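Asks: Below you will find the structure I want to go over with you.
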Amino acid sequence: MASPRTPVSPPELPEKNFQYRQVQYWDQRYKDAADSGPYEWFGDFASFRALLEPELCPEDRILVLGCGNSALSYELFLGGFPNVTSVDYSPVVVAAMQVRYAHVPSLRWETMDVRALDFPSGSFDVVLEKGTLDAMLAGEPDPWNVSSEGVHTVDQVLSEVSRLLVPGGRFISMTSAGPHFRIRHYAQSRYDWSLRHTTYSSGFHFHFYIMHKGRALSVSQLALGAQILSSPSPPASPCFLQDSDNEDFLSAIQL
């Protein structure tokens, strides 16, 4: 059974990439979300299901960060994972999702800033994010040199994720950002998790990071994490990806 949907029209794009970080842009973009179909960043559930499901248990308490109008939470419910809480800082889209999935009472929708989540510590077994960090870093002028503000923003989110996970919990991040950009953010010992990376494809080549709370990072990962405010060495042929022909902000946030 597929999620309820109508044909998806091209989204309203911002004039500048940094506007992806502004709630006003998302409120405007989602003003008709209750009547429009889901929009999926970095592939739909089917494209990464084989990677995600082995990390989940039916009884897991799952938190989805920056849910937007994605069908991910509903697809998790259909896949046998009913206990899903989804947050977004746009009250417009949260209200729309509450209406769209009112027939599924186990799905909860909350308006929250992912940098300061209003849940007790240890509330979740799994935290998922798909493109949320990418959007929060949109507008960074140089993907090889993340600003101190950008580093702080990511740290705020990851610190909250670590706080909310139970021992043995999993944080899963789906993104356009390759390891040479993203590992240095994730590989911080204070988060108390291990880190594994793989890829999946949905027309484009995307990255899938899995972190297990209570396990250790490798020595090489810790070394990369120590370089968080320095520039990584660029690969021989950097490849900047787009999520679609319309949304090209990813070319500026390979982080």
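FYI, residue positions are counted from 1 along the chain as it appears here.
Backbone N, Cα and C define each Cβ position, glycine as well.
Okay, so Swiss-Prot annotates it like this:
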{"type": "BINDING", "residues": "W26, Y30, W41, G66, D88, Y89, D113, V114, K130", "note": "S-adenosyl-L-methionine binding site"}
{"type": "MOD_RES", "residues": "Y39", "note": "phosphotyrosine"}
{"type": "MOTIF", "residues": "129-134", "note": "motif 'Required for methyltransferase activity'"}
Asks: Within 10 Å of the Cβ of W41 (S-adenosyl-L-methionine binding site), how many other Cβ atoms can be counted across all chains shown?
Replies: 22
Asks: Do any residues, 6 or more residues outside the motif 'Required for methyltransferase activity' (129-134), come within under 8 Å Cβ-to-Cβ of it, and if so which ones?
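Replies: Distant Cβ neighbours of the motif 'Required for methyltransferase activity' (129-134) are 41-42, 64-66, 70, 72, 114, 154, 157, 171-177, 185, 243, 250, 253, 255.
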Asks: Cα of D88 (S-adenosyl-L-methionine binding site) to Cα of Y39 (phosphotyrosine): how many Å, rounded?
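Replies: If we compare the Cα positions of D88 (S-adenosyl-L-methionine binding site) and Y39 (phosphotyrosine), the gap is 14 Å.
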Asks: Can you check which residues sit near K130 (S-adenosyl-L-methionine binding site), meaning Cβ under 8 Å from its Cβ, same chain, 6 or more apart in sequence, and list them in order?
Replies: W41, F42, V64, G66, S70, L72, S173, M174, T175
Asks: I'm trying to understand the geometry here, so how far is the Cα atom of the residue listed as 'phosphotyrosine' from the Cα atom of D113 (S-adenosyl-L-methionine binding site), in Å to the nearest whole number?
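Replies: Distance between the two Cα atoms comes out at 20 Å.
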Asks: As a quick check of your reading of DSSP, tell me how many residues in the motif 'Required for methyltransferase activity' (129-134) are helical, how many are strand and how many are coil.
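Replies: Summed by class, the stretch gives 3 helix, 2 strand, 1 coil.
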Asks: What does DSSP say about W41 (S-adenosyl-L-methionine binding site): helix, strand or coil?
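Replies: In the DSSP reduction, W41 (S-adenosyl-L-methionine binding site) maps to coil.
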Asks: Please identify which of D88, D113 has the densest Cβ environment, defined as other Cβ atoms within 10 Å, among these binding-site residues.
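Replies: Per the Cβ count, the most surrounded site is D88.
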Asks: With every protein chain in view, what's the tally of Cβ atoms within 10 Å of the Cβ of the residue listed as 'phosphotyrosine', excluding that atom itself?
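Replies: The answer is 19 other Cβ atoms.
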